[in-house]
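J.: Please see the structure below; I have some questions.
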């Protein structure tokens, strides 16, 4: 029988007058203040700068269209880029202006609208393999014809010093994937085109294969494995062609230069469409600046309307102009992506669907506004194209990029949120039932608090992730994405953390380490010579030799002082709640730092999904079983495995994570822990360990006892000291103790041996009766 816990009842935090932890309140207030924070003034300044730039472009562009004097110049690079586009994007032929240009695709092949159609709304995410092409390579083996003649007009005019400076230190040759998002800025059925905006990333997936960087509107990553680009372009509906300009992220592409990219028959219409798009962008920015909060515009200074003139001068710096130019270039660097400054041109096309246009219109209408109408099956959104940089002489080709429309993405996100919420709700239900069962100090003493602490860290991370994506996305699915985060917060704030602190308080006296007092070494008896020596002699006294002590080095002293300071700081915190919250906070921050490095994600997930290991070790250490309910162990394991398996196994997950074979190791590891924990209930706490590794000798509650005489009038082993009924070996309970509840009896009995239990005090009980008794008290009845 387990030793009773001293002061267990006294340490149970059942006092209703106990003060609540201030750490929890501070965290909740901080989250609320962060969510309710106002607009950033710097954002309005950026919008005002962008507005002035657009107005300047609008004035010059309008004058250029009217044929008057203008500072705008159209940079036409068609004579050097067309041969390269034709070579890298085969079957691209000029559009015949004598035919209906909108029913001729980018390849020049006629499209029958009664048989084929294209997506008109491609707002969503793009992901696919890409191939890097170095245009300065004189002999590429992948292309036929005279390659030098094809790239000659472009390469001959390059300044390689400038090219190398523009390319930067990014490893272009290792690019093997593109990922990004695009959105249709305006869809009007009366116009056969729509402008596009978005972000495209060039990714080196060999070094970064876990999560694609497609939610760049949410997180602006700075990494050597990818480079971010901002896209603006035009999409022609009826032939599925896309033309765009790409600048390093932070620089706005000049939409006016898009004219030279489109085919000649479409240039005139595109030129006036660009003017309308610039006007629309100006109006949008003006509305945002005048009314940033969405309410009525107020006069910021109604006290006076006086106008002033400012005369000032800037104090001169004490270094040359070229140093100032370098400083401003380094300081301003608006790209946010200093590894490259190359600009790109995008030539793309959408794969045609094999059904008429009217069916495509019905499909897109039903996708945007679901009514339940039966439509054709959704074809995949595949894109093919070329990304070319005339200034840097590099290009990327992609043949099978896959697009996921935003409406489909948010539908998937809603479905994921629904399943995730169900999983969290099941975990909540299971932990509530477990806490109801483990209410007494004796049952709590068997549970490891680290099992719930690890789950609390994982749920805290899940809460932050779900809430962040839900708030920043600002879509129809935002509320559904926040729902799993709310359940995760409820789980780790209300249940897991509090239950872990309760376990810590109950097990505090047990875990306290008693320091062994230092006993002085026994004094050796004096020798014979020393005993016979006179007490007083005429010899002068000799001073004892000083003890030879080694002086520690300076760094060791500093380390010891630091350790002592940290230890004293921790010891000074008498509140166990504060200690536990600080531990959770540091563990959470450490987890966030680990997940930034994809190579360490496996170890982070493996550590989080080792939450059953502390409980297994505690069962072995204390020799107990049935510390946790089987339904809680199995249900929690299966529900928590949903999240990593969905992210790293499901091909169309909302995080665009690639399939990772190693995730099955994590799943197997979690299931193995679950199997061992359940096996400890039936086969003993140390069944999986060799006998030489078992340090604790378990008391045998079911020792072999001679059967009573079969001809005796009362074939019982005696009376149970609790219920006072006979203990019969052939009773219906011969299969063991209770199925539910927490057993405090170590060891395993099979068959009739499980009917009786002999306590260390040599009293005999029914196993069921003793389990129920010890679940309330840790002492035997007698």
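In case you wondered, yes, glycine gets a Cβ from its N, Cα and C as well.
Predicted automatically and left uncurated, TrEMBL annotations should be read as such.
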J.: Examine the ranges 563-579, 580-596, 597-613, 614-630 and name the one recorded by TrEMBL as transmembrane segment.
T.: 580-596
J.: Using TrEMBL as the reference, determine which range in 662-683, 684-705, 706-727, 728-749 is annotated transmembrane segment.
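T.: Based on what TrEMBL states, transmembrane segment spans 662-683.
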J.: Match it up for me: which of 389-409, 452-472, 515-535 does TrEMBL list as transmembrane segment?
T.: 452-472
J.: Would you kindly list the residues that approach the transmembrane segment (478-495) from elsewhere in its chain, counting only those six or more residues past its ends and only Cβ-Cβ distances under 8 Å?
T.: 24, 413-414, 417-418, 420-421, 424-425, 427-428, 431-432, 435, 455-457, 459-460, 462-467, 469-471
